[in-house]
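S.K.: Okay, here's the structure, questions in a sec.
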Amino acid sequence: MADMLTIAGKTFSSRLFIGTGKFASPEIMRDVLQACKSQMVTVALRRVNLADPEDDIMSQIDTGETNFLPNTSGARNAEEAIRLAELARAGSGTNWVKIEVVPDPRTLLPDPIETLKATEELVKRGFIVLPYMNVDPILALRLQDVGAAAVMPLAAPIGTNLGITNRLQLEMIIEQARVPVVIDAGLGAPSHAALAMELGADAVLVNTAIAVADKPVAMAEAFAMATIAGRAAYLAGLGSQCPVASASSPVSGNITVDLDFLD
């Protein structure tokens, strides 16, 4: 049976989600989506005109193959995020939304209090909410409690390409999760995506590492393969780590060789 990802009753065969913020052109974004076969693409509402079917970005997204996930990038508080989500639903008809509430342009870290407020209110309004969050196991539980369809903890600050910087707390979030965990932001290399999947994450979201690569399409393919490999390793069951050596060959029944002839 195929290993499918399910979020809010919708199934996906690809566990690689793609962000659209930094591509040099909409055409490169389109080629990346086709190459990596991603089925979830997130778009900042402030960058698109949902009322225009010829919009540069939206016209390159095959919504028959790819789930459109609008995000509230630019929102500084819950009120602004809620307003953007409602605009997205009115303009596109989708009730899916990725909540991003980022008040500080220097750190670009999500506001936990406002994110929780926005998530709770939008769930009440019938939205399928995927909140972007810090690596905070308690916040992850609270977001699940108020109805988040998935949680999206960052690997590292957005755009840094640093990879997983807080593995312990990320593992806590994954271990206690009742909804899918999507690692979002800071994944800078395919190996980072593979590690996230090996740890038990349900999916990863990547933008910068692909968009700024010398060959974005080739990098997208590399991330897709890494995501598949990491997931396969997790399902296979990774061996436990040990601080001391353990022989892989038998240590009993050794052959004794007489080297006296060398004298």
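Note: Cβ is positioned from N, Cα and C throughout, glycine not excepted.
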S.K.: Given that Swiss-Prot annotates ALA185, GLY186, ASN207, THR208 as binding 1-deoxy-D-xylulose 5-phosphate, state which candidate in GLY159, GLY237, GLY239 belongs to that site as well.
M.R.: GLY159
S.K.: Compile a sequence-ordered list of residues in the same chain as THR208 (1-deoxy-D-xylulose 5-phosphate binding site), six or more apart from it, whose Cβ lies below 8 A from its Cβ; state 'none' when nothing qualifies.
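M.R.: When sequence neighbours closer than 6 are ignored, THR208 (1-deoxy-D-xylulose 5-phosphate binding site) has GLY19, GLY21, LYS22, ILE158, GLY159, ASN161, GLY188 within Cβ distance under 8 Å.
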S.K.: Which residues, same chain and not among GLY159, ALA185, GLY186, ASN207, THR208, have a CB within 8 angstroms of the centroid of the CB atoms at the recorded 1-deoxy-D-xylulose 5-phosphate site?
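M.R.: Output for this site, in sequence order: GLY19, ALA156, PRO157, ILE158, THR160, ASN161, LEU187, GLY188, VAL206, ALA209.
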S.K.: Do you know offhand how many angstrom separate GLY186 (1-deoxy-D-xylulose 5-phosphate binding site) and LYS98 (active site, schiff-base intermediate with DXP) by C-alpha?
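M.R.: Each residue's Cα considered, GLY186 (1-deoxy-D-xylulose 5-phosphate binding site) and LYS98 (active site, schiff-base intermediate with DXP) end up 17 Å apart.
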